[in-house]
Amino acid sequence: MDFTNSAPTAERKPEEENEPSSSDEDEESLFLPQAKEVFAQRRKPVVIPRFPENFPSEHVNPDEEGLDDSLTDEEDELSNEETNDVEKATTVSSEEEEEDEEEVQNPHESIEQLAAGREEKEDDDIIVAICNAAKPQEKVKPPDLRTSSNCMVTDISFHPNEELIAISDIEGEITCYKYGNEENDLLHTLNHHKKSCRALTFNHDGALLFSASKDKSVVITDTETMKVTQCFSKAHSSPIYSLLCLDANIWASGDDDGVVKVWDKRRNAQKPVAEFKEMDEFVSSMVTDSGSRLLVCTSGEGTLTAFNTRTKKMDGQSEVYPSEMNCVGLVRQETKVIAGLGNGNMYIFDWKAFGYHSDAFGDHPSAINCMLPIMDNIVITGCDDGKIRAISLFPHRFLGVVGHHKFPIERLDISTCGHYIASTSHDGRVRFWNISYFENPDLKLMESTTKKSVRNKKRSLRKEKLGFQLPSSKRRNRGDFFAGLAEPEPEAGPAAEAETDSESEAAAADTDASSGSD
């Protein structure tokens, strides 16, 4: 075999490997200057770690020791500049880090201080709330009253000049209490009547106490000595249902058969001054004006009848209404007579025009048993559902619930100061309610925080007003819990008024269209 051609090739390879190629030299000559410039311009400062002084020298790489010697002069200058920049950057960064650490520490301290202060404030608020809850609350009304035998209370009457209240029960017992916000003191107990005491009232100056019973008798008691001054044992032929003092000497009574009698206590003979029989059912209530000329009575037959006490004749009588009339009152400076019926309706009559009512208000959900005008245009009513409601007249609307019982309300009366009303029910309890907030002109009742559509506005407002609790009631409204979270509504400007007007016009147009389609 001939190996002459292969030997030179084998010898030629190591020579070619040992010789540097021209292309590599060209690349180095072209790349290195540009790379150095770019590296010098764009190289980021590198943080050089600081080693401790006693770091062992044997760990230093010998190749790295000769690295500085192999650098050219230009590279030396570049490295010096870079190290200077790096040292400046490290010093600046260290200073900034120290400042940042100080700034970070200060906010941490302030946050801790704020948190501690907030916790202390919360603790203080909790302690204050607990202390306030532990303190006895200021009493704004007298405590409830009960009869000695815990039986049903039939009637109540406030003294016109003193803090005194008289209570009668179904067993005929009469008790007199001195009432106050802290406690009530029992002063007297009277047992004049053998049967249930149905009616009880003081005269105008409070010197006499009149009481009428189911045993057909009327007893007059002196309030100073608590002794009986006069007794009419057979005042009526039927059980007496109602009683009224017209002035200092004249008083009237009505019985279960619709008979009304007028009496004068100055007469020695126990005979009435006048007697009327114009009604067929019980005389539920009576009222008179300041001149005591007309005596207006309501009856269980559903009529309103007026008697002239001077001419001793009937002045007028209304038509028969579909339900019994249980109570009557005077409003609007004695120019209007308002009557409450058993079907929940209220009818308003003009004075001296008793034939037919001039206005009506029929939103009560149950029968109206008693009525108490407390202002010229505000009336308190007691109903079968156990709620005492306040009503504003002209315009007619519910103001809210003053108080409540578990059973139907039977009697209402107002104190001489006008701050308290008392109510009775079938539970044998007399409850007091502070209504002094009605004298506050800045008090805004029934402020609705939600907007309602025009179509459902009447229904929703009626439902809301029937259940709205006034400040005297112990119960609270549903929205009171979130009242602090509600944002105040902006005041209605011209634009809002224009929107409401447009909404009402649109609703009216819808109703007209629906009626036309029907």
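Note that Cβ sites are derived from N, Cα and C of the backbone, with glycine treated the same way.
Just so you know, TrEMBL annotations are computer predictions that nobody has curated.
Per TrEMBL, the feature compositional bias 'Acidic residues' maps to 16-29 (among others).
Per TrEMBL, the feature compositional bias 'Acidic residues' maps to 63-84 (among others).
Among the features that TrEMBL reports, compositional bias 'Acidic residues' is placed at 94-104 (among others).
The compositional bias 'Low complexity' annotation in TrEMBL covers 505-518.
Residues annotated as region 'Disordered' in TrEMBL: 1-109 (among others).
Taken from TrEMBL, the feature region 'Disordered' applies to 465-518 (among others).
DSSP labels the residues of the repeat 'WD' (190-231) in these numbers: 0 helix, 22 strand, 20 coil. Feature annotation from TrEMBL assigns repeat 'WD' to 190-231 (among others).
Through the fold, the repeat 'WD' (402-436) approaches residues 140-147, 150-163, 165, 167, 169, 179, 367, 369-372, 374, 380, 382-390, 470-475 of its own chain, all at least 6 residues removed from its boundaries and within a Cβ separation under 8 Å. The annotation repeat 'WD' is assigned in TrEMBL to 402-436 (among others).
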Cβ contacts under 8 Å made by the repeat 'WD' (190-231) with residues that lie 6+ beyond its boundaries: 154-162, 164, 166-176, 237-245, 247-248, 251, 253, 255, 263, 265
Overall pLDDT of the repeat 'WD' (190-231), taken as the mean: 93
For the repeat 'WD' (402-436), the number of residues DSSP places in helix, strand and coil: 1 helix, 21 strand, 13 coil
